[in-house]
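If you check Swiss-Prot, you get these features:
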{"type": "TOPO_DOM", "residues": "1-24", "note": "topological domain 'Cytoplasmic'"}
{"type": "REGION", "residues": "7-13", "note": "region 'Interaction with SRFBP1'"}
{"type": "MOD_RES", "residues": "Ser10", "note": "phosphoserine"}
{"type": "TRANSMEM", "residues": "25-45", "note": "transmembrane segment"}
{"type": "TOPO_DOM", "residues": "46-81", "note": "topological domain 'Extracellular'"}
{"type": "CARBOHYD", "residues": "Asn57", "note": "N-linked glycosylation site"}
{"type": "TRANSMEM", "residues": "82-102", "note": "transmembrane segment"}
{"type": "TOPO_DOM", "residues": "103-111", "note": "topological domain 'Cytoplasmic'"}
{"type": "TRANSMEM", "residues": "112-132", "note": "transmembrane segment"}
{"type": "TOPO_DOM", "residues": "133-142", "note": "topological domain 'Extracellular'"}
{"type": "TRANSMEM", "residues": "143-163", "note": "transmembrane segment"}
{"type": "TOPO_DOM", "residues": "164-171", "note": "topological domain 'Cytoplasmic'"}
{"type": "TRANSMEM", "residues": "172-192", "note": "transmembrane segment"}
{"type": "TOPO_DOM", "residues": "193-200", "note": "topological domain 'Extracellular'"}
{"type": "TRANSMEM", "residues": "201-221", "note": "transmembrane segment"}
{"type": "TOPO_DOM", "residues": "222-287", "note": "topological domain 'Cytoplasmic'"}
{"type": "LIPID", "residues": "Cys223", "note": "S-palmitoyl cysteine"}
{"type": "MOD_RES", "residues": "Ser274", "note": "phosphoserine"}
{"type": "TRANSMEM", "residues": "288-308", "note": "transmembrane segment"}
{"type": "TOPO_DOM", "residues": "309-323", "note": "topological domain 'Extracellular'"}
{"type": "TRANSMEM", "residues": "324-344", "note": "transmembrane segment"}
{"type": "TOPO_DOM", "residues": "345-353", "note": "topological domain 'Cytoplasmic'"}
{"type": "TRANSMEM", "residues": "354-374", "note": "transmembrane segment"}
{"type": "TOPO_DOM", "residues": "375-384", "note": "topological domain 'Extracellular'"}
{"type": "TRANSMEM", "residues": "385-405", "note": "transmembrane segment"}
{"type": "TOPO_DOM", "residues": "406-417", "note": "topological domain 'Cytoplasmic'"}
{"type": "TRANSMEM", "residues": "418-438", "note": "transmembrane segment"}
{"type": "TOPO_DOM", "residues": "439-445", "note": "topological domain 'Extracellular'"}
{"type": "TRANSMEM", "residues": "446-466", "note": "transmembrane segment"}
{"type": "TOPO_DOM", "residues": "467-509", "note": "topological domain 'Cytoplasmic'"}
{"type": "MOD_RES", "residues": "Thr486", "note": "phosphothreonine"}
{"type": "MOD_RES", "residues": "Ser488", "note": "phosphoserine"}
Amino acid sequence: MPSGFQQIGSEDGEPPRQRVTGTLVLAVFSAVLGSLQFGYNIGVINAPQKVIEQSYNETWLGRQGPEGPGSIPPGTLTTLWALSVAIFSVGGMISSFLIGIISQWLGRKRAMLFNNALAVLGGTLMGLAKAAASYEMLILGRFFIGAYSGLTSGLVPMYVGEIAPTHLRGALGTLNQLAIVTGILIAQVLGLESMLGTATLWPLLLGITVLPALLQMVLLPLCPESPRYLYIIRNLEGPARKSLKRLTGWADVSEVLAELKEEKRKLERERPLSLLQLLGSHTHRQPLVIAIVLQLSQQLSGINAVFYYSTSIFESAGVEKPAYATIGAGVVNTVFTLVSVFLVERAGRRTLHLLGLAGMCGCAILMTVALLLLERVPAMSYVSIVAIFGFVAFFEIGPGPIPWFIVAELFSQGPRPAAMAVAGFSNWTCNFIIGMGFQYVADAMGPYVFLLFAVLLLGFFIFTFLKVPETRGRTFDQISAVFHRTPSLLEQEVKPSTELEYLGPDEHD
């Protein structure tokens, strides 16, 4: 266990770091169960594509009757399948607009709890679609599970970011992405023909997404609400004190409350902002642009094109068993996300994001070369595997985990919910565009499709290098000061601390 996970005693009057308590572990685990579902439903639609399309055709024939014109037209089937993939993102786009409203109205924990109703509804519709001979039910189920995931994509990083100690905020924030990629990997494994990816069992493959929802409904009531939300937003000192005691394991949290009172006093001049107020705010324009571009760098990097269509990409690259190669990419995905958990508090957010973008750009160029030379050099199929594995690995070093939690770091308590909504909508809009349009772009551009992503990745690298600040080890107030141009705060020595502990000046300064 890294040393950062241990409680560090006070030295020279410096407040101790918050140790990792059982309550903190339970709260983070319960929250990221939502991210696990998010990832599962990204990956689950890929492997069983052919058997689901066959089911669509059977439904079509059943509705036409024996005197009908025959099998479903290829163009109609392509459209139905693209809609089945992309409607997930439509649900996410719509629900992401509600992140700020719901998180302020219900609170972070209760919002995640009630969100599970969408997961249960979506999973039930998808699981019963074959029995009901209705591809509309499957598409509608994908919409509801997408709406669930859209809320999850904002609520989970917000909750984890607000309960996490500053010195672990990056590592715990990265667990959100680790849960997503673990969900993708589980979906890829269960989607094999030897598992649930068969003509008979694919409804079960899609329907079991209700299981983590039910588990989260059991665990979340045992977890504390965000003390920042309770005290700063709801002005509930008693419940906030109780929540702090459970999260920190400290009997005396008076200094923590003093810090929250000071932050609340400052934020009284910065009321919670609506979406329109945030978009019109000159003060928050720069961090908002950064938040949006970081979300674009995640989605327009091409990673979802790889996951949505990985099997067909490996087939076109000449790989004999593309489903297993896809699972290999999922394993790489998970391993390198785990690596980023340990790197993010050492190397920093900005450095890892730059490294990831540069590596992905190189792998995209390598993938283009491999696809161009495949017919003349059969060994290029192996190069394509290396390129995709490298592409996935570099994604999980930076562009995968960083954008999700850095948005919560760039904004103070007042504008944070609205900022999460804007960033989430940007992410889901790009997700939809890739899911709906990649196949058409790939057909038009052929082997050069990944060159397009390489150009975009280069642009995102330049933007990150020029505009994105480092947030590692800084409190929310210190990060906010970057955009308010307060040099005195920027020049402060970054000391180990937690967002839920005393932030006052060091006695020796």
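Including glycine, each Cβ sits where the backbone N, Cα and C put it.
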Per-residue pLDDT averaged over the topological domain 'Extracellular' (439-445), given as an integer: 79
Counts of helix, strand and coil residues, the topological domain 'Extracellular' (375-384), according to DSSP: 5 helix, 0 strand, 5 coil
Surrounding CB atoms that lie within 10 Å of the CB of Cys223 (S-palmitoyl cysteine), all protein chains: 24
Close in space, distant in sequence - Asn57 (N-linked glycosylation site), Cβ under 8 Å, 6 or more apart: Ser71, Ile72, Leu77
Range from 82-102, 143-163, 172-192, 354-374, 418-438 with the greatest count of C-beta pairs under 8 A to the transmembrane segment (25-45): 172-192
Long-range Cβ neighbours of the topological domain 'Extracellular' (133-142) (under 8 Å; 6 or more residues past either end): 41, 45, 52, 55-56, 58-59, 62-63, 80, 83-85, 87-88, 91, 121-127, 206
Cβ contacts the transmembrane segment (201-221)/the transmembrane segment (385-405), at least three under 8 Å, sequence gap 6 or more: no
DSSP-derived class (H/G/I helix, E/B strand, else coil) of the residue listed as 'N-linked glycosylation site': helix
Stretch of maximal Cβ-Cβ contact with the transmembrane segment (385-405) [cut-off: under 8 Å; candidates 112-132, 143-163, 172-192, 418-438]: 172-192
Same-chain residue ranges lying at least 6 outside the topological domain 'Extracellular' (193-200) that approach it to Cβ under 8 Å: 47-48, 51, 54-55, 323
Intrachain neighbours beyond the transmembrane segment (143-163), with Cβ under 8 angstroms and 6 or more residues off its ends: 24, 27-28, 31-32, 34-35, 37-38, 41, 87-96, 98-99, 102-103, 108-109, 111-112, 115-116, 118-119, 121-123, 125-126, 169, 172-173, 175-176, 209, 213, 224, 226-229, 247, 404-405, 407-409, 416-417, 420-421, 423-424, 427-428, 499-500
Recorded stretch, among 112-132, 172-192, 418-438, maximising Cβ pairs under 8 Å relative to the transmembrane segment (324-344): 172-192
Residues of the topological domain 'Extracellular' (46-81) by DSSP state, where helix covers H, G and I: 24 helix, 0 strand, 12 coil
